[in-house]
Amino acid sequence: MGNWVVNHWFSVLFLATWLGLNVFLFVHAFLSYEKADKYYYTREILGSTLAWARASARCLNFNSMLILLPVCRNLLSFLRGTCSFCRRTLRKQLDHNLTFHKLVAYMICLHTAIHIIAHLFNFEQYSRSRQATDGSLASILSTLSHQGKEEDSWLNPMQSPNMTVEYVTFTSIAGLTGVIITIALVLMVTSAMEFIRRSYFEVFWYTHHIFIIYFIGLGIHGIGGIVRGQTEESLNESHPHRCAESFKQWDDHDSHCKHPRFEGLPAESWKWILAPGVLCILERILRFYRSQQKVVITKVVMHPSKVLELQMNKRGFSMEVGQYIFVNCPSVSYLEWHPFTLTSAPEEDFFSIHIRAVGDWTEKLIRAFEQQCSPIPRIEVDGPFGTVSEDVFQYEVVVLVGAGIGVTPFASILKSIWYKFRHADHNLKTQTIYFYWICRETGAFAWFNDLLASLEREMEELGKVDFLNYRLFLTGWDSNIASHATLNFDKATDILTGLKQKTSFGRPMWDNEFSTIANAHPRSVVGVFLCGPQTLAKSLSKCCRQYSSLDPRKVQFYFNKENF
């Protein structure tokens, strides 16, 4: 389990650095507002909630700066494909981009809650101080703004004792933008829940683009300058340590202490989000330009189990195994883009995807292509983008695990293997492939039966029967199918697939499979690739740790999971 430890500690180090920066920024901002003389009089009204509000705002800005970077797909593809420093261990950290995106979002939610609660207390304190008639320092400071004095004398945004918190909230820039970006954040986070994202992808897709409103609102949130501090000039004239106790004599002509003057804090959020915002805009421009390039559909195939195969051509399109593209069909939805793994090989003169009907958008798309009397719908393509599967040929031994339509990235890999053997590619590092395909229904196996049959024949002709070891598992069956398979077990080919490898019923016993592979390759580096559900990912990840040797010279399993 040596490689797992290294990867794990890299991930831990990265997360610890991020968390450490959050803690540092929070503590630094908190102490600044809690101790600085500039905010002495502000604290007299608000107390410690001033520091809580400003510290959480600092962390909000920091994480809002980071939230866009993990979803800049062209940037990640560049780092994955061209940076020489992105070796295997470092490159694996790029595969956690969506996980980090979610963690940053959770951190934003946490600090948003702290910021809102702190400001609710602040507004309550502003209101109480404005209504107070006890002659306290807080009440005197709250009336400074409205005695016909200079414009920079006010400290309390409540202009009169009758002004309500709700009025200030919805009439000030800070209050109104705060409400807007909070609503936007709630909508984005709730619509990104696993259930909604899987079952109602359109809701997730549209709602998540409210991030534009969020960032615009965040950029102008601090313009109003509601939270104020004493000006530098006023500090020199009437330092609070010298003048706070004699606040009742501020109006006396012979007093050395004058009324303090205040200034609003300059807006800071835009400085944090400017660079990633520009990067995101450039990313979108590039993706829009590529999406407008003409796509020619050369072949349409309807497979069993409502799976549509599209073969396409596009000028300048260049791909690697396991990559994915975003697809848009304007006749179905002008704005929606959905990710699909490429099922073609780089050696082919076209690129292809397989689309299974799992939602409104995919069902409408398949229906549009099934209507032969109508013209073929126009397709727009953005990509390709890199994934973890690009690393597949860096391993001596490869384990591919696909669940249902999750087999698509491995179709690209297996096709590329077939071409490499046909052209006698001596640079191929991979010596053995173990391929596991888990399906619920027999019709799904028909998607790539021809490909597997071709690979079987190719390996036999080349005398490399042991190169490809594949197992097909059927998890949904009835007694008739099982009985029929049992009666025909002695036949040379499987009755369900027509392949020489017999279909297994149930799920793989992963402990047995990993133990067999570890014994067969005691000194190899094994890359385990999964495109499937999270529950299966946990099982495979656990097996990779369990069956990797502590001795780095012996068998090592590297777990890799597809993320879109």
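Including glycine, each Cβ sits where the backbone N, Cα and C put it.
In TrEMBL, annotation is done automatically, which means it is predicted and not curated.
Quick look at what TrEMBL annotates:
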type	residues	note
DOMAIN	284-391	domain 'FAD-binding FR-type'
TRANSMEM	12-33	transmembrane segment
TRANSMEM	103-121	transmembrane segment
TRANSMEM	167-191	transmembrane segment
TRANSMEM	203-227	transmembrane segment
Range from 12-33, 103-121, 167-191 with most C-beta pairs under 8 A to the transmembrane segment (203-227): 167-191
Residue distribution over DSSP helix, strand and coil in the domain 'FAD-binding FR-type' (284-391): 23 helix, 39 strand, 46 coil
Averaged pLDDT, computed only over the residues in the domain 'FAD-binding FR-type' (284-391): 84
Long-range environment of the transmembrane segment (12-33) - Cβ separation under 8 angstroms, sequence gap at least 6: 39, 43, 50-52, 54-59, 62-63, 66, 93, 100, 103, 107
